[in-house]
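These come from TrEMBL:
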- 1-39: region 'Disordered' (REGION)
- 14-26: compositional bias 'Polar residues' (COMPBIAS)
- 64-85: region 'Disordered' (REGION)
- 71-85: compositional bias 'Low complexity' (COMPBIAS)
- 103-127: region 'Disordered' (REGION)
- 103-118: compositional bias 'Low complexity' (COMPBIAS)
- 209-327: domain 'L,D-TPase catalytic' (DOMAIN)
- His288: active site, proton donor/acceptor (ACT_SITE)
- Cys304: active site, nucleophile (ACT_SITE)
Amino acid sequence: MIDDGDRRIATGQRDLSATTGLTSPSGVRPTQPPTETPRRRALALTGALVAVAALTAALGLQAPLEPPDAGTPNSGAGTTAATSADVAQIVSPRTVTDEELAALPQSTTYTTTAAAPRDPAPERAPTGRVIHPVRTVPVFAEPGGRAVAAVPAQQPLGIEPNLVHSDTWLSVVDEQPGWALVMLPSRPNNSVAWMFTDTDAVTIATTPYLITVDRATFELTLSHAGQVSGRWKVGIGKPSAITPAGRTFLLAALRDEKSTFSPVVLPLGSHSDSHQRFGGGPGTVAFHTWPSADVYGTASSDGCVRVPPDALHALTDVPSGTTVLIK
C-alpha cells in the first residue's frame, strides 16, 4: 500500500526512459562491483500516479531504483554445474505448453495466486539466495507437481498509461536439486511456489543482507553477513491495519524527489490484510520515512513500516529480493 501519502511502483533492470519518460538520476547509491549480489540503480517517473501500493496523495512520482546491474552470478542456468549424482536426483518439471503458461495467473503485486502453497516456515530466516527469471516461467505446488502460477521476468507497476516494468527478484526459502522454493509477490501473504532451476531461464544470486522487523519492540534491524549493521526504532501498522507478519522480501526501490514524506519508498512482497485496495493500488506494504519523528515507536500507519531517514538511506543500498522477516 505503500502507505499514507503517495503512490509508487517498483524496480527494474532495463532503461525505461524510451517508453515511460524515465530518467536516471545519479548518485542514488555508491557503485558496487559486479558480484553475485543483485543491485539496483535509480530511475525516475515524474508526475505519474504510481499504484504499487497507493498512498493518499499521489502526484509527482519517481520510479524504481532498479534491481541491479547485478551481475549474472551463475550465468545462464540458475544453478552451478551439476554432477552426475545431482542430475540423477533432479525431479523433472511437468511440461507446461505456451498456451497453458499464458493461462496461468501471473504472480505480481497486483494479483492473487490462490492455488500457491503457503510458506512452511514463515519465522525462519532463509539463506540469502535470490532468483530472477529471465523470461516468464511456471512455478509449481511441488517439484514435479502441478503448475500454480507464472512468474514474469519483470513486474508491472503503476496505473495505465503510466506503467513501468521492473526486474523480478524473489527470495529463495528452500532448495532441493534442480528446484528452489520462492516467495511470491502476489496475494495471499506468505505465498510460495517451487521454481525449476536446472535451466537457463533463471539466474540465481546471493545477498548478504537480512532485514528484521520486531513489531513488539518497534525495531528494525539490518544485518550484513550475519552481523548487525544498523538498528532503528520504527512505526508499524495501527490495530485496524496491522503490518502483516511472516517472511517477505524487498520488491523494489522507488525514488520520488517531489514526495512530501519520503524521497524513497521500498515496496515489499506482502500486502495489507485490511486494505484489498488503497488509494488506487493493491495495498502493497512498504518501508518509507515520515516527516515527523513522533511516529517511530508507535502503531499508527495503514500497514507500512515507517523508518527514520538514516534507516531509509541504509535500506536503499540493499538488493531487491532480500528477505524481510516481520515478527
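Here the Cβ of each residue, glycine as well, is placed from N, Cα and C on the backbone.
What you see is a predicted model, and the numbers here were worked out from it, not measured in a lab.
For the pair the residue listed as 'active site, nucleophile' and His288 (active site, proton donor/acceptor), the Cα-Cα distance reads 8 Å. Taken residue by residue with DSSP, the residue listed as 'active site, proton donor/acceptor' is part of a strand.
Tertiary proximity for the compositional bias 'Low complexity' (103-118) is limited to same-chain residues at least six positions away from its ends with a CB under 8 Å from its CB atoms, namely 10, 52-53, 96, 136, 138-139, 141-142, 147-152, 155-157, 184-188, 190-193, 251, 267, 269, 271, 282, 284. Helix, strand and coil counts from DSSP across the domain 'L,D-TPase catalytic' (209-327) read 10 helix, 54 strand, 55 coil. In the predicted model, the domain 'L,D-TPase catalytic' (209-327) has a mean pLDDT of 92.
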